[in-house]
Amino acid sequence: MRRGERRAHGGNVGKAALEEQPAPPPPPAQPNGGAPGAERDGAGPRRSTESEVYDDGTNTFFWRAHTLTVLFILTCALGYVTLLEETPQDTAYNTKRGIVASILVFLCFGVTQAKDGPFSRPHPAYWRFWLCVSVVYELFLIFILFQTVQDGRQFMKYIDPHLGVPLPERDYGGNCLIYDPGNGTDPFHNIWDKLDGFVPAHFFGWYLKTLMIRDWWMCMIISVMFEFLEYSLEHQLPNFSECWWDHWIMDVILCNGLGIYCGMKTLSWLSLKTYKWQGLWNIPTYKGKMKRIVFQFTPYSWVKFEWKPASSLRRWLAVCGIIFVFLLAELNTFYLKFVLWMPPEHYLVLLRLVFFVNVGGVAMREIYDFMDDPKFHKKLGQQAWLVAAITATEFLIVVKYDPYTLTLSLPFYITQCWILGIILVLTWTAWRFFIRDITLRYKEIRRQKQEHRYEKDKCLSNGDGHSALLDEPNGSKLRERKL
C-alpha cells in the first residue's frame, strides 16, 4: 500500500492494500467529498483536490503476490533452455538471445519486487513493468552514447537490418496555397497531401498529454511553444518546414486543440465520477460484472492538479522546468530519427511514443506530489527521475552524433524573437517574485506606521497621557525593529 493512501471503510487487508485506499467515511457517505477528519496514514489531512474512494477490500487471486510462482516458472524456463535445448553455433544469434533473456529476467524481477508507484489500475504490476522498461531503455541509451557515431548507427542493424542507412527528410513546406487554381484536377491537393497518419497521431497524442498534465493553460503553452520551435529550427531539420496554415490551423487549432478539448472533458468526468469499488464476485448481475471489468481500466481515484505557478518562485520554476522537459522530449523525437537514421514510420519510433505515454502519466503525478506536498513526498519519484534522465540522455546522443546540425546558427530575426521572449519572462519573474513583494512589504510597513501615528495623535488629543506613554516604547521598538 502506498503511504499516502487511506483504508476502506470496513475493508480487509487484501486488494486494497495494493491500491489507494480511502479513509472510513462518516455517515452519510459523500462520494466526492472528504471526511473532516480523514487522514493519509498519519501524514496529514486529505488534499481538497483528492477524490474520496470507497472499497470493500475484496482480495482475489488477481491481486495476490505471485513471487514464488514467477520464480518457479522462470527457473523452469531457464532449465529447459540449459538441459533440453541444443545451443546454436551462431555467435550473433546467441548474443541477441542472451541479451533478450537477460532483459526478460530483469523484467520478471522488477514486476514482482519493485516498489509500487502512485497508480494501481489496471494493476500495480503493469506500472512496475513500465518502470523496469524505463531502466532498460536508459541503459540502452547509455550504451549508444558511448559508441562512435558510425558504430552506433550500424548497431541499429542488429535490431532491424533495414536500419543504418541515411534517409532523406520529407519537406512539408513548398507550395502553401490552400486553393491552387493551377491544378485543374484538385485545387485543394495541398490540404489532402498534408492529411497523413500524423494527423490522428497529433490528436490522440495531445488527448493523452492533457490527461497527464491536467491543465488547459499548460497544454496550450506547450502546443504553441512547439510550433514556435518548429519555426525556429526548420533550418536544421527540413521536416520542421511546414505551411503557416499547417502550423496554426491543422496543428494548434484542429489536431492539438481538439485533443486538448476532449482531454479536458474527460478530466471533468473523472473528477466528478464516484469511485466506489466492489469485488467482482460480490456483484450480483452480469451487467454489473461487465461494467466492473471495464472500470478496472479507469483510475482507482482521482487527484485534480492545481499547479498554481504564480503562487511561489519554487512552483514557477518547477512549472517552467516541466514545460522545458516536455518540449525537449518532443524535439528528441525528431532529432533522434535524424541522427540514428530511422524513418518516421518505423516501429521503434512508435514504440518510443507508446513508452512515453505509459511512463509520462506516472512521472507527472510524482512531480505534482513532490511539488504539492514536499513534507510528505521528500524526494522525487522513481519514474519521474528516470524520465528526466532519459530525456537528458537522448539529447546528449543528438549532441554527440550530429553537433554540426545543432550548431547551425539561427536566423537573425529568430534570435531577436527568442531574446525578446526570454527578457519578458525574466522581467515578469523579477517583478512577480521580487519587486512586487518588496513593494507590498514597504506599503504594509508604511500603513502600520501611519496607523500607529494616528492612534498616538488621537490619544494625545484626548488627553490620555498614559496611553501616549505606552505608545512611546512601542514606537521605539518599531524603530529598533526597522533598523
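Cβ atoms are placed via backbone N, Cα and C, with glycine included.
Because TrEMBL annotations are produced automatically, they should be read as predictions rather than curated entries.
Here is what TrEMBL says about this protein:
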type	residues	note
REGION	1-53	region 'Disordered'
COMPBIAS	38-50	compositional bias 'Basic and acidic residues'
TRANSMEM	61-83	transmembrane segment
TRANSMEM	95-114	transmembrane segment
TRANSMEM	126-146	transmembrane segment
TRANSMEM	216-233	transmembrane segment
TRANSMEM	245-264	transmembrane segment
TRANSMEM	316-335	transmembrane segment
TRANSMEM	347-364	transmembrane segment
TRANSMEM	384-401	transmembrane segment
TRANSMEM	413-434	transmembrane segment
Stretch of maximal Cβ-Cβ contact with the transmembrane segment (384-401) [cut-off: under 8 Å; candidates 61-83, 126-146, 216-233, 413-434]: 126-146
The transmembrane segment (316-335) touching the transmembrane segment (126-146) per 3+ Cβ pairs under 8 Å rule: no
Contact between the transmembrane segment (95-114) and the transmembrane segment (216-233) (at least 3 Cβ pairs under 8 Å, separation 6+): no
The transmembrane segment (61-83) touching the transmembrane segment (316-335) per 3+ Cβ pairs under 8 Å rule: no
